[in-house]
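Can you keep this structure in mind? I'll have questions shortly.
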Amino acid sequence: MGGHGGLNILGQKSWNVYGQEQRAKVRRDEEEFAASNEDPDAGAVPVGASGPAPRPAGHVGELPTAHHVTLAGHEGPVLAARFSRGGSYALTCGKDRTFRLWNPFRGTLIKTYEGHAHEVRDVACTADNSRLATCGGDKQVFLWDVSTGQKIRRFRGHESAVNAVTFAAEDQVVISAGYDRSVRFFDCRSNSSDPIQSVVEWNDAVTCVVTHGGGCRVTGGGVDGSVKTLDVRAGRIHSDELGRPVTSLAASGDGQCLLVGMLDGRMCLLDASDGSVMAEYRGHVSATAKVDARLTLGDGHVVAGSEDGRVVFWELVDASVEVTLEAHPGWVACGLDYHPKRHAMVTSATDGTAKVWLPEGVAGTSFD
């Protein structure tokens, strides 16, 4: 049956399988992505290739609980799934050493990227869709040109596997979190491949990193149970000790709260200003594997993957379980991301697939 597929943090389909019509759609998707300049703060887009129109936050019936399409093609566990900044595209990271670009609403593969020597653990995309940053088990952090599929830069400095990556400073800085107990900052404009800053404050691996507070705060979570926030402008570091290995971090829409996932099957909502616990969520399985958690659009709910293949939604304030999906039965539902503009979700698992989820009544709609 299923398995962790190397997720324990304590220790392409070939082109000729597509018909002529499908190949035309893929080419169109690739051209649209290369030409796009997604604005993550822009308003709604019409129903179309980029997905369903936005829906209001807060109501259970609006949550993406219906399976829309499956994104298949990775050979082995899909360790992470991410939406692009504007939400029109999705990216998946595999243990097969590739990462892939998709149109998540049509379910089409746009491009497969190769170049890592070991599994790809995380990916981030710039707002204009021109560049990607990736990291993996080969200690590498790469910057990629989206349209050519070529590596632009290789950033060095990590001494072990790199677990997470994100952009900051108007996409001019790449931030990475590693097994070597560090968070490192790389300047995309510099000719140097060395970090411009390294924060080595944890006593064990750093599993996740997130920016918030208008990009002025960078928070990393570690296996040592600490959540440390660097105030970039003030040059200060604040630490909160939670006592259990931290595996996931997500910021609320206003940047005032942090959702922290831990290996004891618990998640906490922290006040980002002082680290106080505002709510606690239980009901999923997270004992040995890294599983992602997010806040939904409008911050009305919390959602997380689970080691038993479920995806669980909680009401934000009273922390009650509201919906449970059998998303990837028998496998570890490790990757998860929520759409930045509408109620849509992408999940991934050790079963080798990623799945796109939409609200009932919208899922299954053709976006051709």
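Positions of Cβ are set from backbone N, Cα and C atoms, glycine also.
Below are the features listed in TrEMBL for this protein:
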COMPBIAS  42-56  compositional bias 'Low complexity'
REGION    21-56  region 'Disordered'
REPEAT    71-112  repeat 'WD'
REPEAT    113-154  repeat 'WD'
REPEAT    155-187  repeat 'WD'
For the repeat 'WD' (155-187), give the DSSP counts of helix residues, strand residues and coil residues.
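Reading the DSSP string over the repeat 'WD' (155-187) gives 0 helix, 19 strand, 14 coil.
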Which whole number is the mean pLDDT over the repeat 'WD' (113-154)?
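A mean pLDDT of 98 is what the model gives the repeat 'WD' (113-154).
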